[in-house]
Amino acid sequence: MSSSSFSIENVRSQFPALEKRQIFGDNAGGSQVLGTVAKRQLSPITEYLIETNVQLGASYKTSTQSTAIFDNAYKAAAKYINAGIDEIVIGASTTQVFRNLAAALKLQPGDELILTNVDHESNIDPWLHYAALNNATIKWWTPSDLNNPKLDPEQLRSLLTNKTRLVACTHCSNILGTINNIKAIADVVHEIPGALLAVDGVAYAPHRAIDVKELGADFYAFSWYKVYGPHISLLYGSKAAQAQLSSLGHFFNPDGSLMDKLELAAASYELTQAIIPLTAYFGENPKQTWDAIAEHEQKLQTRLIEYLVSKPQITVYGETSTDKAVRVPTVSFTVEGMSSQSVVEAVEAVSHAGIRWGHFFSKRLVGSILGLSDDGVVRVSLVHYNTVEEVDQIIVALEMVL
């Protein structure tokens with residue numbers, strides 16, 4: 001994609017699935033895949049399986065080719081987030097890489113872990129599990145404003161002690177769409193010597209560039225299948241933070257990189273190499289490309305949120321500001337007098353919109369903070385290949401069913 005100008009027509013032409021009449025409004029659950037990653041004739045995934053599907057690391061020609069492709073994919077992934085190649089690991093999902101990370105962290109009895117119930121469960125349950133096994137203590141960082149929950153770094157400071165070992169939080173809620181200030185949070189966490197910050201970037205990564213060095217997080221994870229690629233994930237771990245991890249690998253294997261410590265051969269070779277065309281999509285100047293994406297997405301969320309807040313029977317959760325600096329176009333709401341399930345089913349009955357209802361694995365947020373049942377919220381989650389016209393069609397459908 002050219003970073004000099006944003007053409008929605010050009011963007012949409014690169015996603016074969018968009019040829020359908022379906023309006024994809026459930027992108028926070030998984031985005032559509034670039035044609036360069038999964039084109040119909042000979043995708044790079046298929047090419048890998050046909051031409052170089054052998055074990056890595058051998059000396060014969062096909063293995064050296066396969067190893068080079070795999071290594072180049074790792075290099076592309078590391079460059080994409082401004083990390084060293086020895087600071088990343090590819091996994092099956094963000095849930096899986098966080099569980100591996102929690103298993104590897106050398107927890108001691110009395111260590112304190114600070115979690116937030118704003119998060120997706122993937123960045124909560126692993127820490128609860130291994131804290132219990134190691135007699136560590138859990139503290140909860142709960143937002144003070146339950147109507148518009150945000151993670152306040154100053155509130156976090158009051159929870160920190162010299163026993164704090166790790167803070168886990170989300171960069172952006174997969175329900176609220178609110179962007180949290182990770183750099184400010186990291187600065188507060190690192191006031192405690194040795195304390196670590198683990199960030200779930202899954203709901204943020206489809207919308208903005210990621211620079212892990214600028215953010216200052218010790219660990220950062222996201223899923224490529226929500227960033228226009230195949231169903232794999234990435235975990236970053238700084239070299240300094242890796243010193244606090246044990247290796248999950250076999251005793252005779254090296255443990256000098258995050259991949260050595262945590263991969264457990266879980267990186268699908270054929271899917272991993274698809275990272276190369278995926279990252280190339282953002283062009284030679286990715287920052288400009290992402291800036292253009294943010295501008296377009298602001299138009300989408302402005303149209304949708306302005307409509308929703310104009311309806312007295314609708315409650316929007318999270319930021320009602322349409323400013324791209326504070327939120328992404330993942331928008332959740334409920335309708336007075338209607339279940340979220342019935343709203344979604346009614347919208348789908350009168351339109352081509354694909355949206356969703358529920359708690360989206362952020363059950364603690366939906367139940368404990370928002371005070372909702374498992375029926376949860378209606379979520380419309382948009383990305384840069386959606387159009388203003390599609391948003392208008394969703395609005396028309398909502399008008400018909402409210």
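Keep in mind that glycine also has a Cβ here, set from the backbone N, Cα and C atoms.
Feature annotation from Swiss-Prot assigns pyridoxal 5'-phosphate binding site to THR137, ILE138, ASP218, PHE282, GLY283; the stated evidence is similarity to another entry.
On the structure: features taken from Swiss-Prot.
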{"residue": "THR137", "record": "pyridoxal 5'-phosphate binding site", "CB count, 10 Å": "15"}
{"residue": "ILE138", "record": "pyridoxal 5'-phosphate binding site", "CB count, 10 Å": "13"}
{"residue": "ASP218", "record": "pyridoxal 5'-phosphate binding site", "CB count, 10 Å": "23"}
{"residue": "PHE282", "record": "pyridoxal 5'-phosphate binding site", "CB count, 10 Å": "19"}
{"residue": "GLY283", "record": "pyridoxal 5'-phosphate binding site", "CB count, 10 Å": "16"}
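Among THR137, ILE138, ASP218, PHE282, GLY283, the residues given in the record as binding pyridoxal 5'-phosphate, the maximal Cα to Cα distance rounds to 45 Å.
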